Structures are given as structure tokens and as C-alpha cells.
Amino acid sequence: MPSSRGAVAPGEELERLSSTWERALRIRPIATGQSLPSASWVKKCQCKMAIHVEGLLAIVIFYVLILIVGIWAAWKNKNSGISEGTDRSESIMVGGRDIGLFVGGFTMTATWVGGGYINGTAESVYLPGSGLAWAQAPFGYALSLVVGGLFFAKPMRSKGYVTMLDPFQQIYGKRMGGLLFIPALLGEIFWSAAILSALGATLSVIVDININMSVVISALIAIFYTLVGGLYSVAYTDVVQLFCIFIGLWISVPFALSNPAVSDIGVTAVNTEFQSPWLGEIDPSDGWMWADNFCLLMLGGIPWQVYFQRVLSASSASYAQVLSFLAAFGCLVMAVPSVLIGAIGASTDWNQTSYGPVPPVEKDESDMILPIVLQHLCPPFISFFGLGAVSAAVMSSADSSILSASSMFARNIYQLAFRQSASDREIVWVMRITIFVFGALATAMALLTGSVYGLWYLSSDLVYVIIFPQLLCVLFVKGTNTYGSVAGYVFGLLLRIGGGEPYLRLPPFIYYPGWQTREKEHRLTREVERFVEQRFPYKTVSMLASLLSNTAFSYVAKYLFESGTLSPKYDFLDAVVSRHSKETMDKTTLVTHDNIILSELAAVRPRHGGSLAGTFLNTDVLTDEDNMSPDSSTEHQ
């Protein structure tokens with residue numbers, strides 16, 4: 001998903017992220033060949049050798065509970081959907097399409113309310129110069145779910161798709177589906193790695209246990225119950241995890257607020273006491289950057305398999321919409337304690353706490369403000385619940401992303417692109433193997449890659465710039481084809497990569513209007529690094545350019561071939577005069593087949609008349625399509 005850490009004021013995000021990497025390098029084992037631990041860190045370890053017993057006990061109890069629930073869900077639903085003729089592989093991917101409102105609402109909310117969401121929201125509110133004004137994730141993701149429910153959930157669910165990539169492969173072909181799989185896969189893997197990395201750093205603050213051990217154990221538990229039960233285990237554990245997050249954070253807030261070291265957060269919201277007001281403000285010169293980041297969260301949060309996996313598992317298209325609206329409300333509710341904890345951190349006189357006189361922001365630990373508040377401003381037995389909440393938030397997102405990545409690979413790459421004759425048992429085993437492989441890959445990146453956050457930021461941008469306009473075209477724009485899809489892919493990729501990526505030290509080769517050269521001093525080496533800050537909303541412009549180029553090139557290619565200007569033999573992508581064009585698809589064929597066999601698409605049926613709007617817009621998806629659900633598809637044959 002797009003960066004759920006919210007948005008912070010320009011320049012501060014890079015400095016904060018860089019300091020996070022530097023701190024990670026200090027605490028990583030010397031055997032990895034990275035930088036040696038700093039003297040201050042060694043002294044801290046010598047003073048805190050004892051393991052936090054309460055915190056460790058909280059982790060053990062919580063992980064055992066989650067593991068039991070995951071295994072129970074797998075056993076309870078082991079035969080779900082099979083008696084109705086549904087393949088076992090599809091039951092693992094979309095849960096037999098019988099997820100109800102209660103479980104569905106919880107699992108969709110838990111997918112967004114992850115470790116990055118609660119930690120990032122608290123951090124953004126706490127950071128001086130940022131504040132609540134730049135904590136965009138709660139409202140951005142809530143609106144993303146509302147937009148997804150209004151426009152995308154019904155057409156995707158009513159057509160009986162199994163994964164988000166199905167419509168791309170139907171219209172653009174298996175090769176283009178494979179290209180679109182790349183940014184989707186990278187987004188899921190890097191997202192999982194980022195939140196696992198955040199979990200290790202968070203647990204190290206409260207529990208004082210080895211980061212590598214905590215990350216590996218957390219990943220193994222999530223991988224195990226996901227491998228055993230698929231979406232059922234993920235969904236039922238999400239219910240428990242969301243309860244833990246809600247209870248753990250809300251129990252902690254009153255104790256932190258009542259700590260003598262904490263001033264009135266109503267006063268510090270607008271007045272400077274220990275730092276700048278935590279409400280924050282948006283400088284007019286930063287308005288375009290703020291809008292660009294908000295659009296990234298609102299629109300870029302839609303084209304993710306973790307979202308559509310919940311949509312496609314709903315028992316009906318209407319239920320899929322309701323689930324989106326419930327999750328939007330849940331995201332706002334779950335953000336409230338994180339906002340309060342960030343405000344508490346900004347209102348604390350740290351000299352009166354066990355943390356010490358130096359505030360977290362000056363120790364480069366602003367990204368750990370939530371666990372720091374739990375540890376130093378709450379009693380130990382309250383930290384017990386808070387730690388469970390943090391662990392729950394991480395695992396509720398990691399398991400979903402791993403399952404989503406394996407579902408897309410098993411169905412859209414292995415089955416539809418290479419092995420259309422593969423048996424259901426074979427697909428199930430491919431899913432199990434890829435769940436383990438992708439989980440292990442995300443874990444390894446969390447432990448070994450210092451730039452995991454930068455990779456995740458870039459991949460989430462690519463999902464927004466490339467996949468979102470492609471999704472708009474396959475659902476709402478009539479007549480787009482593979483030639484337009486390739487053009488949109490290339491244009492979006494070049495315009496986004498051309499803007500550079502400071503987190504990966506990738507210099508730009510396109511300098512958008514308003515760009516500035518900024519300097520940042522590394523706190524460890526004292527080296528000064530110069531980078532280009534793009535203040536122009538180039539991400540949204542890249543997305544729009546991808547959308548327009550897809551549409552334009554599609555219609556140009558269609559005109560050239562259908563008018564006879566180009567011979568059909570030059571249609572090397574089989575996109576206009578062959579089977580992948582939208583006009584060659586019989587809607588009944590799409591609905592009644594569980595597995596999309598590209599060779600089974602119906603012949604061309606000429607269409608005459610229609611309004612100008614109907615020529616360019618796919619108005620079918622804007623009508624009530626509940627009657628086109630797979631359950632009633634026989635009525636349309």
C-alpha cells in the first residue's frame with residue numbers, strides 16, 4: 001500500500017528515514033559486515049541487560065493466541081466451498097466467497113490498520129514541523145476505501161474475478177498481465193518487509209530482545225497459519241488482532257494522559273511549550289506536495305490485491321461495497337488513539353520521565369514515539385497490552401500481503417500464463433510454496449536491507465502511477481487494448497523514475513517545475529548529502545499521463561488496424577483484430593468460468609449505434625450488476 005506512515009513536512013521525511021537506517025545499522029549484528037555499534041548504544045545495552053519479563057510474556061501469550069485462532073479457522077473451514085464445486089485453491093484465495101459483514105469488516109480494516117499505520121500516524125503528529133496537518137494516512141485511506149466501495153467493488157465482485165489481475169489478463173493478455181504483476185508483487189513484498197522491520201525495532205524498545213529473533217518468530221507464525229488456512233485463517237486472526245489493537249491502545253491512552261510529565265494536549269495543540277504545536281500547519285508553498293501525497297494515499301490505496309481479496313471474498317457485490325464503507329469508518333476510529341499518543345509525546349517533559357532529558361526527536365527516535373510512550377509514560381502492566389497491540393498491527397498486515405502475493409503468482413502467472421491445464425491440487429501446492437518463499441523473502445529484506453523503506457515507497461508510487469490508471473481503463477474505458485496498456489506502463493514508469501528517489505539515492509533525469517536542491521547532514525558520519533526535492537505533484541501527473549497515453553494509443557492502434565491502414569499481420573500483440581479486445585468478449589463467458597482460459601473468449605459481435613459517451617465509456621459497470629454475480633450467471637446463458 002502507499003506509504004501509510006502518512007506524510008510529513010518536506011525534507012523532514014528523508015532526514016527521519018535516513019536516521020532510521022542509521023540506527024538500524026548500529027543495532028545490526030557485527031557479523032553482517034555493517035557499521036559497528038555506537039558507544040551510546042553499547043552503554044545503553046550494558047545498562048539494560050535484563051529482558052522485560054512482562055513484555056516478553058505479552059508476546060508469548062499473544063502469539064500463541066493468534067496461532068490457535070489461525071489453526072482453528074483452517075480446521076473449521078477446511079471443506080468450505082468444496083461441496084458447492086469451488087476449487088480448493090479458490091477457497092484459499094477468496095475464502096469460498098462467503099465472508100460475512102462481521103469478519104469481512106474486521107479483516108478489511110485490519111489490512112489497513114497495520115504497524116506502519118498506527119506507528120506512522122503517531123510519529124507524524126509528534127514530529128515538530130509536521131503535526132496532525134501532515135498525518136494524511138487516516139483520512140487518505142478512509143477516502144480510498146469509500147472510493148473503492150463506490151466505484152470499484154461492485155464491478156470487480158459481480159464479474160466473479162478471483163484476483164485483481166484477472167481483468168488485465170482478460171483484456172490485455174497474459175504477457176501484459178505478467179508485466180503488471182511486477183509492481184503489484186514488489187509492493188506487497190516490500191510492504192511486508194517494511195512492517196516486519198518496524199516490528200523488530202519496536203519490540204527492541206520495550207522488550208529488549210534480539211531484533212532478528214523477534215522478526216523471524218513473528219514472520220514464521222504469520223506464514224504458518226496463512227499457509228495452513230489461507231484467507232480464512234487470515235480473516236479470523238484479523239478479528240482477534242483488531243480487538244487487541246483497539247483495546248491495547250485505548251487502555252494505554254488514559255494512563256499516558258494522566259502522567260505528571262504530560263501537559264494538557266489541548267494547550268500544546270496550538271501553543272509552543274516543549275516543541276512546536278502538534279496540530280501542525282501546511283505552508284502554502286507546500287500545498288502541491290501535500291495534495292500529491294494525499295492523492296497517492298486516496299487513489300493509490302485502491303489497486304492492491306489485499307483490498308480486492310476482501311472485496312472478492314464477499315458473499316455479494318453489495319456486501320463488498322458495505323465492507324469497504326465499514327473499513328473506512330474503522331480506519332478513522334483506529335487512528336484516534338495513535339493521534340492522541342503522538343500528541344502526548346509532543347506534550348511531554350521528557351526530563352521528568354525514565355526516558356531521559358533528551359526528547360526522542362533529538363535522539364532520532366521519533367519513529368518509535370508510540371512504543372516509547374507506552375514504556376515510559378504507562379505502568380508496566382499497561383505496556384503489556386500496548387505491546388500486544390503493536391504486534392497485532394504488524395501481523396495483521398504481513399499475513400495479508402504474503403497471501404495476496406502468492407495468490408496473484410499462483411493464479412495469474414503460474415496457472416493462466418504457463419500451466420492452464422494445472423490441477424487444483426497443483427495450484428494449492430504452488431500457493432503454499434510461494435507463501436513460504438515470499439514470506440522468507442520479506443523477512444530477509446527486513447533483516448538485511450537497510451533501504452527497505454525506500455524500496456517500499458518507490459514500489460507504492462509505481463502501483464499508483466502504473467496499476468491505478470490501468471484499472472480505470474479495464475473497468476471504465478471502452479476499447480482500450482494492449483498497445484495502449486504498454487504505452488501507459490512505459491509513460492508512467494519513465495515519468496515517475498525520472499523524478500528520482502532520494503531514499504534510494506536515485507538521481508532524477510527529469511527536473512519538474514519548482515525543484516530544489518537540499519542538503520542533509522548525516523548524524524553519524526557528519527557527511528553532507530545533497531539531493532533534489534521535487535515540489536511539483538509529479539506522481540499524480542505521471543498517473544494522469546499514464547491514463548491518457550493508454551487511452552490515446554489504444555484508439556490510435558484500433559483505428560489504424562480497423563481502417564486498414566495497417567495490415568492485420570502487424571498486430572503482433574493480438575490486441576485489436578484478435579481475441580484480447582474488449583469487443584471480442586462475451587460477458588457470459590467471463591462470468592461463468594472460474595478459471596480464465598484466454599482461448600475460450602467468444603467471437604466478435606458487431607455493435608451499432610449508441611451515444612458519444614457510450615462510445616468511450618464502459619457504462620455497464622456503472623449500472624446495478626448484482627444480477628450478474630456468479631451465483632445467478634446461469635440466467636444469462
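Glycine is treated like the rest: Cβ placed from N, Cα and C.
No curator has checked TrEMBL annotations; they are predicted automatically.
Look at TrEMBL and you will find 56-75, 99-118, 138-156, 177-199, 211-232, 239-257, 287-307, 319-344, 381-406, 427-448, 454-477 tagged as transmembrane segment.
Using the rule of three or more Cβ pairs under 8 Å, pairs at least 6 apart in sequence, the transmembrane segment (319-344) is in contact with the transmembrane segment (138-156). Contact between the transmembrane segment (99-118) and the transmembrane segment (454-477) does not hold: fewer than three of their C-beta pairs are under 8 Å, each pair 6 or more apart in sequence. Two recorded stretches are said to be in contact when at least 3 C-beta pairs lie under 8 angstroms, sequence spacing 6 or more; the transmembrane segment (427-448) and the transmembrane segment (56-75) fall short of this definition. Contact between the transmembrane segment (138-156) and the transmembrane segment (211-232) is not supported: fewer than 3 Cβ pairs lie under 8 Å, counting only residues 6 or more apart in sequence. Same-chain residues lying 6+ beyond the ends of the transmembrane segment (211-232) with a Cβ under 8 Å from its Cβ atoms: 27-29, 59, 63, 66-67, 69-71, 73-77, 80, 91-95, 99, 196-197, 199-201, 203-204, 309, 313, 391, 394-395, 398-399, 402-403, 431-432, 435-436, 439-440, 442-443, 446-447.
Outside the transmembrane segment (454-477) by six or more residues, the chain places 1-3, 17, 152, 155-156, 164, 167-168, 170-172, 180, 183-184, 186-187, 190-191, 193-194, 296, 299-300, 302-304, 445, 484-485, 488-489, 492-493, 495-496, 501, 503-504, 506, 539, 542-544, 546-547, 550-551, 554, 616-618, 621-622 with a CB less than 8 A from a CB of the stretch. If you look at the transmembrane segment (56-75), the same-chain residues 6 or more away from its ends with a CB under 8 A from one of its CBs are 203, 207, 209, 214, 217-218, 221, 224-226, 228-230, 232-237, 240-241, 244, 384-385, 387-388, 391-392, 395. Long-range Cβ contacts of the transmembrane segment (177-199) within its own chain (Cβ-Cβ under 8 Å, at least 6 residues beyond either end) map to 1, 24, 114-116, 119, 164-165, 168-169, 214-215, 218-219, 303-306, 367, 390-391, 394, 397-398, 401-402, 404-405, 408-409, 412-413, 416-417, 438-439, 441-443, 445-447, 449, 452-453, 455-456, 459-460, 462-463, 466-467, 470, 486, 489.
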